[in-house]
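According to TrEMBL, the protein carries these features:
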BINDING   76, 128, 172, 179, 203, 255, 273  substrate binding site
Ligand SMILES: NC(=O)CC[C@H](N)C(=O)O
């Protein structure tokens with residue numbers, strides 16, 4: 001039986017699943033308007049017609065549809081976790097001294113603003129420049145130690161040990177000229193806390209953590225609840241850090257399409273070039289939705305648009321938000 005937070009709520013799991021299945025079948029067609037990322041050769045081999053979704057509510061109530069179990073790499077979705085991890089260790093003030101909270105309107109891997117705005121402080125932690133800085137801030141004096149800290153947070157939230165997709169990691173490592181250029185510039189301007197190759201190893205390995213939609217939905221759920229993990233019954237992340245992360249997801253999480261996403265979907269979200277989207281609905285937003293207690297949402301659809309966002313995934317989310325009236329605005 002599907003558990004809901006209010007007795008007045010009329011939804012049953014089967015009904016919610018049927019809706020999702022129908023919408024997934026419809027929006028899968030949109031994938032032909034995008035293509036799998038090709039600048040990381042290992043991502044090019046994904047099946048562009050895949051589309052899957054998992055929604056998890058606070059009692060562990062879960063609905064899924066389509067290719068929800070297909071593994072994919074977190075890519076930029078990991079930027080949310082690493083930012084939270086760095087803030088947990090150093091406190092927000094230390095991290096915000098080294099990375100700003102302003103959207104850029106530029107591509108996620110753009111270099112242009114670093115030199116235009118002295119002294120080269122990255123604009124936000126959701127673009128590559130800011131995320132590489134954040135990866136360098138993780139505690140520890142080696143990439144292994146920094147990753148260990150990040151993995152522990154991932155594990156606490158998802159209850160699963162992170163697995164690195166070595167093929168994707170090596171593939172990106174070999175083709176990471178632009179990220180290397182960004183890291184060298186950040187090193188030159190004093191915005192890296194370790195060596196260039198070390199920061200890149202941490203950053204590219206965190207991007208290569210393999211997940212499915214359920215795991216990112218779980219992270220989304222904990223963010224929806226301001227860091228409280230309902231299945232563990234424990235506050236696993238500081239509330240103020242999670243709130244800041246959600247503000248950054250809303251303003252910068254969908255790269256240079258963040259404005260449109262806020263306008264037409266209206267949920268804090270983070271995407272990755274492998275086609276994942278992690279998003280969330282806060283509790284008690286609209287009592288008539290199937291998730292009145294809030295939920296985390298994980299989506300996977302590997303055909304992406306020119307900004308790097310899943311075409312079918314965004315299109316599916318637009319419909320869900322519209323049908324269930326769950327925009328935060
Ligand atoms: N937008 C993304 O998901 C980018 C992540 C990718 N690993 C990169 O650094 O280019």
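We number each residue from 1, going along the chain as drawn.
Including glycine, each Cβ sits where the backbone N, Cα and C put it.
Counting only residues at least six positions away in the same chain, the Cβ atoms of 108, 109, 178, 179, 182, 203 sit under 8 Å from the Cβ of residue 128 (substrate binding site). Each of the binding-site residues 76, 179 was assessed for Cβ neighbours inside 10 Å, and the highest tally belongs to 76.
Within the set of binding-site residues 128, 203, 273, 128, 273 have a CB atom less than 6 Å from some atom of ligand 1. Within 10 Å of the Cβ of residue 172 (substrate binding site) there are 25 other Cβ atoms, across all protein chains. Take 76, 128, 172, 179, 203, 255, 273, the residues named in the record as contacts for substrate: the widest Cα to Cα gap among them comes to 20 Å. Residues near residue 255 (substrate binding site) in space but far in sequence (CB under 8 A, at least 6 apart, same chain), listed by position: 107, 108, 126, 127, 271, 307, 308, 309. In the three-state DSSP classification, residue 273 (substrate binding site) falls within coil.
DSSP assigns residue 255 (substrate binding site) to a helix.
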